[in-house]
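K.L.:
I'd like to ask some things about the structure below.
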Amino acid sequence: MKKDKSKTDKHSTQASGGELHQSAGGKHPALTTNQGIAVTDNQNSLKANIRGPTLLEDFILREKITHFDHERIPERIVHARGTGAHGHFELTSSLEKYTTARILTEIGETTPVFTRISTVAGGAGSVDTPRDVRGFAVKFYTKEGNWDLVGNNVPVFFIQDAIKFPDLIHAVKMEPDRGFPQSATAHDTFWDFISLTPESMHMVMWIMSDRTLPRSLRMIEGFGVHSFRLINAAGESTFVKFHWRPHLGLQSTLWDEAVKIAGADQDFHRRDMFEAIAVGQFPAWDLAVQLFTQEQANTFPFDHLDATKLIPEELVPLQVIGRMVLDRWPGNFFAETEQVAYCPANVVPGIDFSNDPLLQGRLFSYLDTQLSRLGSANFHQIPVNAPQCPFANHQRDGHMQMSQPQGRVAYEPNSLSKDSPRETPADDLHRSNIIEIGQKGRIRADSFADHYSQARQFYLSQTLHEQAHMASALVFELSKVEHPHIREAMVGHLRRIDEDLARRVADGLGLEQMPEAPAVAAPVQDMAPSPALQIIGKMKDTLDGRSIGILIADGSDRDAIKAIKKAATDAGATVKIVAPKLGGARLDDGSMRKADGQLAGTPSVLFDAVAIILSEDGAKALSADVAAIDFVRDAFAHLKAMAAGGGGRTLLNAANVGVDGGIVDVGALGAFIAAAKIRQWDREKYVRTLA
Ligand code: HDD
């Protein structure tokens, strides 16, 4: 893992007061108070006598406990749980024709970034794998100032106007009278709000799809969501939508798998990102853009300023213009991942906002929230937030001011300090000349009135498996809703999206009759299906970034383990050995093979495919162990490829697991690797209801 040496070293030198001492087998700085006073005893507080009371005089105790008492800051009101990493962005194709922004025009230049990927609803300590949208926020430290692209892994949003955001979030967060559920949409207040907010239906289709169950943060797409503007040297404006495309392709878990992962490893995604960076498998994404003019936008059958709509790739193709690689884990989680502060208003010259009313409200909220979250108007001085280009102005003082601006002058214009910061004439920055006319009012355009067409398009663009998952997700979520009228209202909305989907959900809920579909303000259009909206269609035929588990026990075949491990590693996978004991198993040749994980704590949900290499005796012993039975039963139910030899087959039989093309012999290495790269979708109809 690359480390930022300069920062680590600087910090330890500061703490040491410069001098290093030799003891405990290493050179270390002296432990001191925050005032630099040496601490002679960090185990005992200062007492009046050997068994006497602690003295108030003990400034070392008081300082240590005071600091500890104040170590937590308010967590983010949304996106509290996140995983961040440093990296860089490299431009491969110039947008010079459209923008003056240097980061988008200087081919080959690398720009440092800090990227944070988050869940939305849960608190900072919540699990990594709830059904939830993932935030995808990138801070580019450009030569012209910080540009923050603060997006999600879903290209649309629930609401059209920022004024509804507090209502949406209050509805999705834990219910205020009871303090649960944590990190879940499956409850009354969320679906109550949604059922009364038809504009959210397109987003509902996305969140009920497997997009909200990512296999890894390295396997999600990112979207800037809104239309932004690019402004060129002539001041001309072109609309742009930003997309991140993962090099590892898209991959999701199944719902049952996500639920079980939450129990097996609550930090599943954070650990995956940490481990990938540690071994040099750096997560990477292409940055792509959709560019279009106002004239083109006028022909779209939707309004691109409405954040509940996407622009199908088939209508405006994506152009890849660069790539982002994350290659350095933060030196300190709190200092960087927790304190990083994004703001969609941070754009550089050449990039501008559109009139999307959701974006317009966001431009206010982020700076504002940082003031209470980070506690000071000087939060931009925290290293992860500070621009890496020169910056200067006349803002002064405030809590936690770290810089020491020099001189007498802190205002502008002035005649006393010719070298103090001055404005850059607007002409030098090529601002666009956008004219706004019209009647002021709390109003919404008619072009925002169609809430169902793209929801329908999304659903109909999915494979049959993905459609079935959406129907099941809706049944699960609405089954958790106590109030029947909310369930019925939702099924009514689904009828506007697709009658078959509505029927499936109504059946799943056991509704006695189909509820009325709500009236629509605009006709539902039949848009051409867009295969680019699928996940299955976008999975990559690769084991890169994937993980294979080999279950062994005493007597397992050493050569078979070695062969599978080599084949899987050669194909790009990470391999872990799972055994009943962490100390390992004695193999058929008498050698000991250590385990990477103990069976009960390392279930098959942590892997993309598994190999069961057991002797008959080993299989017999494991057949009586529910952890082993669950290991193979879950692997089967989660549509994973399995390699199993003699003893392995015995365990499969004991677990009552059927046989299909996704279960191959341990010796059939090529077949196993091929099967491991995909899910065994053909098996799905045997393990869950798809209709
Ligand atoms: Fe937001 C955080 C993404 C709408 C108000 N938002 C936040 C983060 C992401 C997004 C990724 C976490 C950033 C981080 O890692 O620190 N938000 C979005 C997207 C939206 C969106 C893609 C719609 C397209 N957000 C939105 C609206 C508002 C906010 C409409 C308010 C009017 N969002 C916030 C916030 C947060 C935030 C309250 C909480 C923590 C923070 O800003 O720094 O200001």
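Here the Cβ of each residue, glycine as well, is placed from N, Cα and C on the backbone.
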K.L.:
Going by TrEMBL, Arg116, Phe165, Arg362, Tyr366, Arg373 bind heme; tell me which of Arg72, Arg76, Arg323 is listed for that site too.
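P.N.:
Between Arg72, Arg76, Arg323, TrEMBL records just one in the heme site with Arg116, Phe165, Arg362, Tyr366, Arg373, namely Arg76.
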K.L.:
Six or more residues out from either end of the region 'Disordered' (395-427), which same-chain residues have a Cβ under 8 Å from its Cβ atoms?
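P.N.:
Same-chain residues near the region 'Disordered' (395-427) but 6 or more away: 375-378, 381.
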K.L.:
Would you count the other C-beta atoms found within 10 angstroms of the C-beta of Asn152 (active site) for me?
P.N.:
25
K.L.:
Kindly assign His79 (active site) to one of the three DSSP-derived states: helix, strand or coil.
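P.N.:
DSSP call for His79 (active site): coil, neither helix nor strand.
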K.L.:
Check Asn152 (active site) against DSSP and tell me helix, strand or coil, would you?
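P.N.:
Note: Asn152 (active site) is in a strand by DSSP.
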K.L.:
Going along the chain, which residues six or more apart from His79 (active site) have their CB under 8 A from its CB?
P.N.:
Ser118, Thr119, Val120, Gly135, Ala137
K.L.:
Which numbers of helix, strand and coil residues does DSSP report for the region 'Disordered' (395-427)?
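P.N.:
So the region 'Disordered' (395-427) is made up of 2 helix, 0 strand, 31 coil.
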